[in-house]
Amino acid sequence: MKALLVLLLTQLCSASLVPEREKDPEYWRRQAQETLRNALRLQRLNQNVAKNLILFLGDGMGVSTVTAARILKGQLQHGQGEESLLEMDKFPFVALAKTYNTNAQVPDSAGTATAYLCGVKANEGTLGVSASVTRDHCNTTKGQEVTSILHWAKEAGKAVGIVTTTRVTHATPSAAYAHSANRDWYSDGEMPPDALEGGCKDIARQLVENIPEIEVILGGGRKYMYPKNVSDVEYPHEEKHRGTRLDGRNLVQAWQKAKPHGKVAEYVWHRRGLLALNFSRVDFLLGESLHPRVPWHQLGALGEPLSCPGVLGQLQWSVILPRVLLPPRGGGGRIDHGHHEGKAKQALHEAVELDRAIGLATRLTSTQDTLSVVTADHSHVFTFGGYTPRGNPIFGLAPMQSDVDRKPFTSILYGNGPGYKIVAGERENVSAVDFAHADYQAQSAVPLRQETHGGEDVAVFARGPMAHLLHGVHEQNYIPHAMAYAACIGSNRGHCNTAARPAMPLLLPFLSLLLLLLC
């Protein structure tokens, strides 16, 4: 009798959650007809040359993360959530990308970055090199380097930029400029003796030397730019933040000295320093904080380091450099970090922040000359379910108990990770903990210190010139080839009237920013 009463109450509550307009079949018919009209307009393909390229990379932003972030965004706006639209949802063309590495069914961020930036699939753990390179083996690298879409743009005389909420030397952004047999060789202090003796360069050194005229570089990881034991400018008494370089070089100084005579190259490490610049007089900008650890959406004070939202949030598009578009705000790089720690709340808020940056870019650019692409490098073993009713808080409980251990469970769960907890020989009772806390680690089926990536395809959203080239199911390495074709750079120039085209800026903001815990 009690079970029947609970069932009836659940059905009554579910019925009351249905918006009145959705009870009318005409609502759904009108919505479908409007969608159909929009789809029919897409038959007039946009085949313009893309003067601008924007790639938004949500690190670890699999399809389940996109869906959950959509619901969260709607609920933050006081809606039920499911009917909400992310900015990326409004992009007219959507594809799926196959993320596997050449030697891995479930990929890492280095091999995937090589694919979507360099157009070549690679082995896990390797950056900017072909699949002939074996991880950790420096002697397999020579002659196997592959170049990125950022390099192709520079060869065409374009302005380029990298913006990330992770280390600039992290796997996701570094495939744009580096070639390495190991994604963890941030400085020569992290490299084994045989790699140093073999002539391989660390990633931070390659940032300065490989493509010296990257106009904008913003991110974290400044300790890899300084000699070993040099105190950090912001945390002089903390040993863990001291420089790591064994060669004694100050790469920030090397970066500044490498710029052409008469050009102004500014280095900043803090929000105040960035906002104090006269951007009209800056030709090159390097901004590095420590490795960002606090999610952007939790930051905001004047004393914050460079990676906080306030840094980009108060900048206007196109003011840093006349030719480079810079996103004013956004997350991305920390989605991955949140998932690896089993902290879904942090991951999803980061995804919403990334979407805000996408929305701003959408409003401030034109589909006539700007190709924008949003994608992820890989997914995670993150899911949500449990027959939750319409409008159920995305971080809330499922409306049922387990029919095995008779305990409640949250809608959000992980296949593996640090959320696996046994209390008194049984699964932890989540009703006894604050599962809505930002640091709550959602329950997982298998105990691991760090949750793992997922192996399923990721979405690719596109709008602007030649966006229709991103359709169906593709290998992940196809993405930069399609973008290059749209912009008439790299090897894709046969269809272009190059004499009539103006210079085009390129933006590669890795808002995964990526958010990664170093996958």
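Each residue, glycine too, has its Cβ placed from N, Cα and C.
TrEMBL has this to say about the protein:
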ACT_SITE  Ser109  active site, phosphoserine intermediate
BINDING   Asp59, His170, Thr172  Mg(2+) binding site
BINDING   Asp59, Asp336, His340, Asp377, His378, His453  Zn(2+) binding site
SIGNAL    1-15  signal peptide
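Close to Asp377 (Zn(2+) binding site), meaning Cα to Cα within 10 A, are the following recorded positions out of Asp59, Ser109, His170, Thr172: Asp59, Ser109, Thr172. Annotation for the binding-site residues His170, His340: lowest Cβ count within 10 Å of the residue's own Cβ, His340. Using a 10 Å Cα-Cα cut-off from His170 (Mg(2+) binding site), the recorded positions that qualify among Ser109, His340, His378, His453 are Ser109. For the binding-site residues Asp59, Asp336, Asp377, the ranking by surrounding Cβ atoms (within 10 Å, all protein chains) places Asp59 first. The two recorded residues, His340 (Zn(2+) binding site) and Thr172 (Mg(2+) binding site), show a Cα separation of 15 Å. Take the CB of the residue listed as 'active site, phosphoserine intermediate' and look out to 10 A: across all protein chains shown you find 30 other CB atoms. Here the Cα atom of Asp59 (Mg(2+) binding site) is found 10 Å from that of His453 (Zn(2+) binding site). Looking at Thr172, His378, His453, the binding-site residues in this record, the fewest other C-beta atoms within 10 angstroms of the C-beta turn up around His453.
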